[in-house]
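Some features that TrEMBL has for this protein:
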- 100-339: domain 'ABC transporter' (DOMAIN)
- 471-488: transmembrane segment (TRANSMEM)
- 500-523: transmembrane segment (TRANSMEM)
- 543-567: transmembrane segment (TRANSMEM)
- 579-603: transmembrane segment (TRANSMEM)
- 609-629: transmembrane segment (TRANSMEM)
- 641-659: transmembrane segment (TRANSMEM)
- 690-712: transmembrane segment (TRANSMEM)
Amino acid sequence: MADNGVASMPSSPPPCPEGLNNGLLVGGGPYVSYGIAGVHSHSALAKKVPNDKNSLLVGAVELGLGAAGSGPPGSGAGAGGGGKPAITLSNLPRRPSVDIQFTNLAYSVSEGRKRGYKTLLKTVSGAFWSGELTAIMGPSGAGKSTLMNSLAGYRTSALSGNILVNGRPRNLRRFRKMSCYIMQDDQLLPHLTVREYMIVSANLKLSDHIGAAAKRRIVDELLETLGLCECQDTRTGSLSGGQRKRLSIALELVNNPPVMFLDEPTSGLDSSSCFQCLSLLKSLSQGGRTIVCTIHQPSARLFEMFDQLYALAEGQCIYQGSVHGVVPFLASMGLECPSYHNPADYVMEVACGEHGEHVPKLVTAVANGKCNNLYQTGKSALQQPGNGASLSASTCDCGLSVSSMRSGPGAPDSCQSCPSCAHSATTLLDSSDESLSGGGFPTSTASQFCILLKRTFLSIMRDQTLTQFRLISHLTVGLLLGAIYYGIGNEASKVMNNAGCIFFTVLFVMFTAMMPTILTFPMEMSVFVREHLNYWYSLKSFYLAKTVADLPFQLAFSVVYVCIVYWMTAQPMEASRFFMVLAMCLLVSLVAQSLGLLIGAGMSVESGVFLGPVTSVPVLLFSGFFVNFNTIPPYLQWLSYLSYVRYGFEGAMVSVYGLDRQKLHCSEPYCHYKSPKKFLMDMDMADANFWLDAAALFAFFLILRSLTYFILRLKLRSTR
Ligand SMILES: Nc1ncnc2c1ncn2[C@@H]1O[C@H](COP(=O)(O)OP(=O)(O)O)[C@@H](O)[C@H]1O
Ligand SMILES: [Mg+2]
């Protein structure tokens, strides 16, 4: 894993390696120049200096990433680079550019039956354009995340209004596939290294047809571009805040999504990391992507880096337009921003009402199109709803317009007019056809499963709680138990003690399987939710991989533990009995683990840590060790059928004392339980059948796993 493919990167990448290509999204010559000249006569976009290579040029120095200039010779005039050395992102698959418009978007949540609904977004309208970095600003609680969630498609229920993508109504599935959402508190699996994570992402997010070498090139390039080379072998748990953020961005950049939503990408970062992060976003947007991020309290320098501002207050829009237009707009409304005052701070103050109740006035002004006058004139034509044709023409070059997104009759002509189109158009259509139709995910379920299995396995291997501690506890407790009950297995006078030993064996296996799962699964789940919603893989693959990856570990621990205890306590030395006890322990641990998954999926760690042991108490009570079945009042007897430990304990007892075992050795003058059969009878286990117990445990396993699967599905649905 630690190979450093960076060194072997071609200094001047081939134009279209293995069906990929650089990108349309980026400062590619014909596309961008067409895009700008054709439609976006916008000052910020004018910085997108066309260059003679089809490549994304990122001002390396400006990014502060210190990357050695590996760009093609003569490409120094990269976006914003101003003659500085630049690095290229030339291997990303090409994607169409995407504009997003939304009108009368409203969102409300129920606050309980009595209190009715709370409106979080009050009919907001606006547009985010490709090639621009847009900031959504507003006080805390203004509805920034809500707006972002709605646009990204993470919230769909109770959402009203129109969302247009390239002039067409948004197809949620398709849109989600071409957009990515980087949340504020991005959860990463802590035990993978940066490079491993990137490779997993590339394997999952890029189609199976793309070769490993091409994927490695993409990963190398992104690691270098995002300044993650020096920490590529660091585990994500040890990364700094800025590095984590950049990794989250890099992970999503792998398949070159044309739309990126970021929720407070700079929160918690120091000013230089903030600057690096925003510079990166700026460069990416200059490559043609639509980048929208919410931001809190940007400094004047950071504020300047944005192209567009969308200001929210109390769920309403109080300004939308260019960043430079906000001060004149506020001035026109009688709100003079003092000189030497950070405009961003001033906007926030106004939104918070520090300068008086101006929000309704501003909302009305925005609704009446007052800030549109200050808005870029080039955009105004596009802002008219139903102007899809011009939109699509604007983004159509070199096959940019995927047929499904193309809405204007002029589009095909403009495509064909580009000499280098034929090949790239095919590439694009191929890639989009593939990712937009069929099963939905970029890779097949089987390969998702394999990739996730490998990743989960690696994670478990490196997880101290899940492996080392578990192994050590199995060893030490096994030895302790062996020492306490040393050699009593065949002793008729100690059968009750031996039953205690067997019971404890089952109990221990149960707890060690359940508790770590309750502790670790909620975190894994938040990673899953993020990756699933960003269209990495399906729930099915995740869940199957999770189930299968832990099996070998569980088996190994059970074997270690049962071997020690079985041998030290001198249970009957027959292979069949040994394997039967082992099977019972394994089954109980699998059921307990499934219960842990169910609890972990359904609730938080805190509740789970309480509920796990608490629900185990009745399970143990009805296990048949503390109270015999016949002693339980009839109206409670059915509960013992729900106690999975009962089946495990019974199965293990039958394995040890059943199967016509010979009379036990008695070292005292009288032993009541010389006959194992009698002992089983007194334990109400005379009629017990090992295979029935095993089947019951297996049924428990299946039911709990399926239940967890459905809970996860419900949870996924309810997050929308
Ligand atoms: N499920 C919910 N129930 C009630 N209120 C909510 C819910 N989700 C969000 N809110 C409220 O909606 C407002 C906007 O939230 P949010 O979009 O997260 O704000 P921010 O602009 O800080 O990102 C906040 O006042 C928040 O308390
Ligand atoms: Mg928020």
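Glycine too: its Cβ is placed from the backbone N, Cα and C atoms.
Count of Cβ pairs under 8 Å against the transmembrane segment (609-629): among 543-567, 579-603, 690-712, the largest is for 579-603. By number of Cβ pairs under 8 Å, the transmembrane segment (471-488) is matched best by 543-567 from the list 500-523, 543-567, 641-659, 690-712. Here the transmembrane segment (690-712) has Cβ contacts under 8 Å with residues 525, 528, 539, 543, 547, 580, 583-584, 587-588, 590-591, 594-595, 597-598, 601-602, 644, 647-648, 650-651, 654-655, 658 of the same chain, all six or more residues outside its ends.
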